[in-house]
Amino acid sequence: MAVAVVFAGVSKGGFGSGAAFASATFLAIFLPPTQALGVMLPLLMLIDVANLRPYWNKWSWPDARILILGGVPGVVLGVALFRVANDDVLRFLIGILSLGFVAWRLLPNQMASRAPLSKPAGVVAGVIAGFTSFVSHAGGPPVAVYLLSHNLQKTTFQATTVLVFWIINIAKFVPYAFLGAFTAESLWADLILAPFALLGAWLGVKAHYKVSEQAFFAVTYVLLTLTGTKLIWDALA
């Protein structure tokens with residue numbers, strides 16, 4: 001679990017949110033999905049706070065604002081799904097999202113050569129991000145698609161992602177509490193894992209300027225593929 005949390009910190013600190021998604025997926029193999037997501041959310045919020053300072057005011061506020069305007073309603077959609085879905089449905093959904101994320105990342109990256117996506121498209125991307133972030137901490141892909149289409153510089157891209165998910169994760173906290181995602185055991189686990197989250201965030205910021213994204217995400221893709229397949233198998237068994 002500590003390794004998964006460090007991965008989440010490194011990913012969110014330097015390269016987006018892929019490993020944060022992998023961490024929640026990995027935990028969902030051993031815990032009920034709601035509990036797994038509940039363990040991760042406070043840690044992700046801690047990572048968000050740690051990342052704000054090094055990326056402060058380096059974001060593109062116009063792009064962030066559009067994504068946030070869609071992201072909060074997307075969280076509401078996630079709440080609606082959680083009220084009607086059982087654990088097997090959530091395992092299946094998280095597994096599908098895991099494999100879908102890998103497939104999306106393996107597609108030819110032609111976004112930089114396309115015209116920037118419109119503001120309405122950005123709001124839609126935000127809605128999808130808020131929804132998928134709520135049900136599996138997997139909101140990174142739609143945000144990345146929108147931001148990549150605007151040809152942002154690497155650090156601006158990263159800082160904007162940090163800001164967007166800081167707001168989305170705050171919006172998720174109260175609904176998670178009402179849905180029973182937080183327990184005494186999950187909060188105790190968060191206390192133990194908090195240093196690993198901060199370590200990962202620190203390493204991620206450092207690695208943002210030094211390490212290739214391709215090498216880091218190669219490991220994440222393998223992890224997502226294996227755990228996503230396992231969750232789908234368990235849900236259908």
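Here the Cβ of each residue, glycine as well, is placed from N, Cα and C on the backbone.
Annotation comment: TrEMBL describes 64-83 (among others) as transmembrane segment.
Annotated transmembrane segment per TrEMBL: 89-108 (among others), in sequence order.
Residues or ranges marked as transmembrane segment in TrEMBL: 120-139 (among others).
Feature annotation from TrEMBL assigns transmembrane segment to 159-179 (among others). Residues 12, 16-17, 34, 37-38, 41, 44-45, 48-49, 51-52, 55-56, 58-60, 63-64, 67-68, 71-72, 74-75, 78-79, 82-83, 126, 129-130, 133-134, 139-140, 143-144, 147, 152 of the same chain lie 6 or more positions beyond the ends of the transmembrane segment (159-179) yet place their CB under 8 Å from a CB of it.
The transmembrane segment annotation in TrEMBL covers 191-209 (among others). Long-range contacts of the transmembrane segment (191-209) within the same chain, counting only residues at least 6 positions beyond its ends with a Cβ under 8 Å from a Cβ of the stretch, are 1-2, 5-15, 39, 43-44, 46-47, 50-51, 54-55, 154-155, 158, 216.
Residues or ranges marked as transmembrane segment in TrEMBL: 215-233 (among others).
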Note to self: Given a Cβ distance threshold of under 8 angstroms, which distant residues of the chain, six or more beyond its ends, lie next to the transmembrane segment (120-139)?
What the structure shows: 17, 20-21, 23-25, 33, 37, 40-41, 44, 63, 66-79, 81-82, 90, 93-94, 97-98, 101, 145-146, 164-165, 168-169, 171-172, 175
